[in-house]
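K.L.:
Got a structure for you, questions after.
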Amino acid sequence: MAAASLKLSVALACVLLLSSAACHGLEVGYYKKTCPRVEAIVRDEVKKFVYKNAGIGAGLIRMFFHDCFVQGCDGSVLLDPTPTNPQPEKLSPPNFPSLRGFEVIDAAKDAVEKACPGVVSCADIVAFAGRDAAYFLSKMKVKINMPAGRLDGRVSNSTEALDNLPPPFFNLDQLVASFAAKGLSAEDMVVLSGAHTIGVSHCSSFVSNRIAVTSDIDGGFANFLRRRCPANPSTANDPTVNQDVVTPNALDNQYYKNVLAHKVLFTSDAALLTTPATTQMVRDSANIPGQWEAKFNKAMVKMGAIDVKTGKQGEIRRKCRVVN
């Protein structure tokens, strides 16, 4: 009787909160019986890499986002090219050559497989790694209760990455539509954009539509970028710039202060000031201590439940770079 009422209450919660991770078969502490140390193992591996290079941590947060927006959160971004699939997601322009952190997932998977062979999915390791990178880069202020229970997908297609990942030149309407297609709200989009407070961007991602044309970018900041970037970036000459020049190695709310000051790299960043509603969200995140971190926690969990694979839809890969 108690079990039945529990199922009913979960079902009711799913009706009221369609994005709830519980609706997707995910739960916090999913491996507590089958691989009790998994989360500590992944966190130790992430810590080693992030403390050597904060940019790897930024890459892991971005990897989680790029995985979930294409085929759902299923580790499909990890798959290497093969003769039968020469163009997987990781070789798509949004991911190659800029996406970083694959070696961290490999190291974490190897360590987890030694402790609990064949139990933990690569998709869950990507989710844990994104969570842990956020924890360390925020100086332990971002503490995400990340549910698990995802299975690994078997499909990875570079054109799907192009079709599903919002590019840096999107306007606000396009951004809202892109996130809505994944069950995420306009507020989720504004909150998750805050991850641009960490990491770097290639000049080719913003020169042509931010500093080579008239835009709302701060004049001094535009001049700084012109000194760093060639007028026509190429594959041979495409330097990187910190996305947040004020606190480049910290996951904090400085991004929103930069948006208000018109000192951001992308059209999609500047677009957050297009409507009164999103402008207010930016102001609140910039000015109310702790608010952005709390919302980021929830948005990461919500994003982590996109199109989760269960049952025969997926598998638990033995190696994250190849299907079984």
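Using N, Cα and C of the backbone, Cβ positions are placed for all residues, glycine too.
In TrEMBL, annotation is done automatically, which means it is predicted and not curated.
Keep in mind that this is a model prediction, so the values were computed, not measured.
According to TrEMBL:
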type    : residues                       : note
SIGNAL  : 1-25                           : signal peptide
DOMAIN  : 25-324                         : domain 'Plant heme peroxidase family profile'
BINDING : PRO166                         : substrate binding site
BINDING : THR197, ASP244, THR247, ASP252 : Ca(2+) 2 binding site
K.L.:
Between THR247 (Ca(2+) 2 binding site) and the residue listed as 'substrate binding site', find the distance joining the two CA atoms and give it rounded to the nearest Å.
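P.N.:
The Cα atom of THR247 (Ca(2+) 2 binding site) is 25 Å away from the Cα atom of the residue listed as 'substrate binding site'.
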K.L.:
Taking all residues of the domain 'Plant heme peroxidase family profile' (25-324) together, what is their mean pLDDT?
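P.N.:
96, rounded to a whole number.
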K.L.:
Using C-alpha atoms only, work out the spacing between ASP244 (Ca(2+) 2 binding site) and PRO166 (substrate binding site) and round it to an integer in Å.
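P.N.:
If we compare the Cα positions of ASP244 (Ca(2+) 2 binding site) and PRO166 (substrate binding site), the gap is 20 Å.
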K.L.:
Given the binding-site residues THR197, THR247, which one is most crowded in terms of C-beta atoms within 10 angstroms?
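P.N.:
Of THR197, THR247, the one with the most crowded Cβ is THR197.
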K.L.:
How many other Cβ atoms are found within 10 Å of the Cβ atom of PRO166 (substrate binding site), counting all protein chains shown?
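P.N.:
Within a 10 Å radius of the Cβ of PRO166 (substrate binding site) lie 20 other Cβ atoms.
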K.L.:
Whole-number Å distance between the CA of ASP252 (Ca(2+) 2 binding site) and the CA of the residue listed as 'substrate binding site'?
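P.N.:
Between the alpha carbons of ASP252 (Ca(2+) 2 binding site) and the residue listed as 'substrate binding site' there are 22 Å.
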K.L.:
Would you kindly give the Cα-Cα distance separating THR197 (Ca(2+) 2 binding site) and the residue listed as 'substrate binding site', rounded to the nearest Å?
P.N.:
17
K.L.:
Quick check: which same-chain residues outside THR197, ASP244, THR247, ASP252 lie with their CB within 8 A of the centre of the Ca(2+) 2 site CB atoms?
P.N.:
ILE198, VAL246, PRO248, ALA250, LEU251, ASN253, GLN254, TYR255, ASN258
K.L.:
What number of additional C-beta atoms lies within 10 angstroms of the C-beta atom of ASP252 (Ca(2+) 2 binding site)?
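P.N.:
ASP252 (Ca(2+) 2 binding site): 21 neighbouring Cβ atoms within 10 Å.
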